[in-house]
Protein chains: 2
Amino acid sequence: MAYKSLDPQTAVEYVKSLDFFPHDAMLEGGEVGDGNLNLVFKICDLHSGKSLIIKQALPYVRCVGESWPLDLNRAILEANAFELQNRLAPGLVPRLYHKDEELSLLVMEDLSHLGVMRPGTLDMRKYPKFSEHLSTFMANTLFYTSDLYMDPFEKKAMVKKFMNPELCKITEDLICSDPYYDCERNIINPPLRPYLEQVFWKKNALRLEASKYKYAFLTEAQSLLHGDLHTGSIFASEEETKVFDPEFAFYGPAAFDPGLLIGNLLINYISWDGKDEPLEKIHDYRDYLISTVNDVYTLFEQKFIANWNKDARDVTASVSGYQQFYMRKLFVDTLAFAAMVMIRRVHGLAHNIDVDGIEDEERRKDVQIRILEMAEELMMYRDTFSTIYAVTGFVKARIF
Amino acid sequence: MAYKSLDPQTAVEYVKSLDFFPHDAMLEGGEVGDGNLNLVFKICDLHSGKSLIIKQALPYVRCVGESWPLDLNRAILEANAFELQNRLAPGLVPRLYHKDEELSLLVMEDLSHLGVMRPGTLDMRKYPKFSEHLSTFMANTLFYTSDLYMDPFEKKAMVKKFMNPELCKITEDLICSDPYYDCERNIINPPLRPYLEQVFWKKNALRLEASKYKYAFLTEAQSLLHGDLHTGSIFASEEETKVFDPEFAFYGPAAFDPGLLIGNLLINYISWDGKDEPLEKIHDYRDYLISTVNDVYTLFEQKFIANWNKDARDVTASVSGYQQFYMRKLFVDTLAFAAMVMIRRVHGLAHNIDVDGIEDEERRKDVQIRILEMAEELMMYRDTFSTIYAVTGFVKARIF
């Protein structure tokens, strides 16, 4: 079947062929997507209560139209990433039921009983299993796709399979380049502009460090990344955690995933300066975020090292000192990418609701400057922190 | 036409179809290859004196037989590399006349009027154009295939096109891994073994640094490399220089090419300790080698920077300090790869005739130890050298 975009009715027809629902199912379908790049249908059987999700790539950017074309292959790349993540981190990603190259779609587990984690953190929700689950997800996906474990031929075939130039370009521009100069793609809170012009865009030392990490992003095929691992890509409850939307997956520097995750948690941490919650609640939630950052990174390191000690196959992996070198680089690079994602979310093209939800522009600006200043310090001092505890201690001493 | 290996007669028949020779040509063909992986035919027209070379990949390692299969696609990868090098460094590589995917062969310029440079250096020949030519070759191929210049989509397509896992594996093993432990693939001059066992293989700090560069070789898709740029891959006369055999081409750390080249020149430099030439001649040739290393690297840097200032397109390229960072990294990494190639040529699988030509095993061992010691110092002190002149000054102070 040649590509055509589905609608709720044709989506229902499509799933009937998949043998997922009982034959007497009473199916109902609706489009539930809110993104710019894809159609998302939820199909339910009103009898059994079973449901699933169809995610179909559109051949253009939805809000712009057919004048901005996009490669349809990304749906299959995403399906391939899901398959791999299901194998390496079972239970921590949606199950994949089906992929269809012709129609550029994937059919997967419906997780709408879980909430997306970002709005949860806006409500100060806590996720007691988050650190345990995310550390496993990262340690397994980042270790078992690296040269430490993989056969060199298979690894290079994977690098090829997961080449993802269109979505990499978005990161190269929006995270690594645009925020460091007055790029027209930036979206700037008007009261922030004077600070950017008079202070931030003159910080050449910071821009130079960010440029080194753009180089890493462009060249360093270390592990298969999720590529967009922030709290908006995670469904979570008190018991469950599911990482979704791996459409940015590609072989890049492993630190990018924990960096993005920690950077987003720190944005939320700082954002409370612009909100009117009682100070006691803010302190409590900030302590929760601090321990979450500590736990998720510490557990990630421990599990990565455990995987290494159990399963590393590259002869280099056993060279004395190499593991320390590797883990130290991973840590320092994580801080750098955390800093870069904090910066891009302040005045790049795509912001976080954590901060944009602060309605008063002046007050929002104050929070934004605090984020930029904290990010700068993390980037510039990254070599001086010995552990993640030193980082969070530094953050807490500045802002609490 | 399905793949079949040619013989001199079928090779002559093959070129008749190419419209290269006049119709009345009196063609004569012979197999002139001495390698393990390919057939090489030279076809001459006895009337006009015109000639060409056919290089055909074999589907197995020649000296082992069909039990060690090899991917035939490498011939097309090599042809693609030649095409690109011809465009970026015209006149410095053999011209490519034809490529044939079915037969896994390329047809190219016959350069047998030039000598291979390695035996020339054994005879203390000097090549007055070498530094000028090789610096251009490296500056152009390494700059114009990097993210500094290329469109990010085209660059990633190139990374894919030049994936070369079989030949990369050879480097990963033979250069980056085997020489640092008692690997059975190593070929060891018997009197050297006690030194390796009691001294060299205990140098863990050195092995750790080499492991970091194995990581770079495995992950860092910076530029399209020649991948095997030593004096045995260069035809040269006083006037001409032609780089050939790019079958190891792939996207890797740019410093690998100048590193290999300089490492091989330094092997030749040290090897004279094991030979009976008059000291005056040795001093003269060593001074020539020193100035060659100085010139080729200095000119390479100058031309790379000139390309950058003229043609860089990545927005990062103009960030203040980024060029210095990039060039410094290139320099330090060059010394590391130079050290690694010096080491692998002493007791890895493939040696250099520069040293293996020293017939007395004890005397050869003394030279080999000097090479290992010098390589270790280059690797361990690489961060302390400010320029290539500091490196060659250091070498000359140790050995002259």
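Glycine is no exception: its Cβ is also placed from the backbone N, Cα and C atoms.
The ATP binding site annotation in TrEMBL covers B:ASN38, B:LYS55, B:GLU109, B:ASP110, B:LEU111, B:ASP245, B:PRO246, B:GLU247. DSSP gives B:ASP245 (ATP binding site) a coil state; it is part of no helix or strand.
Per-residue pLDDT, averaged over the domain 'Aminoglycoside phosphotransferase' (B:206-262), rounds to 97. What TrEMBL lists as domain 'Aminoglycoside phosphotransferase' is B:206-262.
According to its DSSP assignment, B:ASP228 (substrate binding site) is coil. According to TrEMBL, the substrate binding site annotation covers B:ASP228, B:ARG344.
Of all Cα pairs drawn from B:ASN38, B:LYS55, B:GLU109, B:ASP110, B:LEU111, B:ASP245, B:PRO246, B:GLU247, which the record names as binding ATP, the longest spans 17 Å. Each residue contributes its Cα atom, and for B:ASN38 (ATP binding site) and B:ARG344 (substrate binding site) these two points are 23 Å apart.
DSSP gives B:LEU111 (ATP binding site) a coil state; it is part of no helix or strand. Here the Cα atom of B:ASP245 (ATP binding site) is found 8 Å from that of B:ASP228 (substrate binding site).
Of the recorded residues, B:ARG344 (substrate binding site) and B:GLU247 (ATP binding site) place their C-alpha atoms 19 Å from one another.
DSSP assigns B:LYS55 (ATP binding site) to a strand. Of the recorded residues, B:ASP110 (ATP binding site) and B:ASP228 (substrate binding site) place their C-alpha atoms 20 Å from one another.
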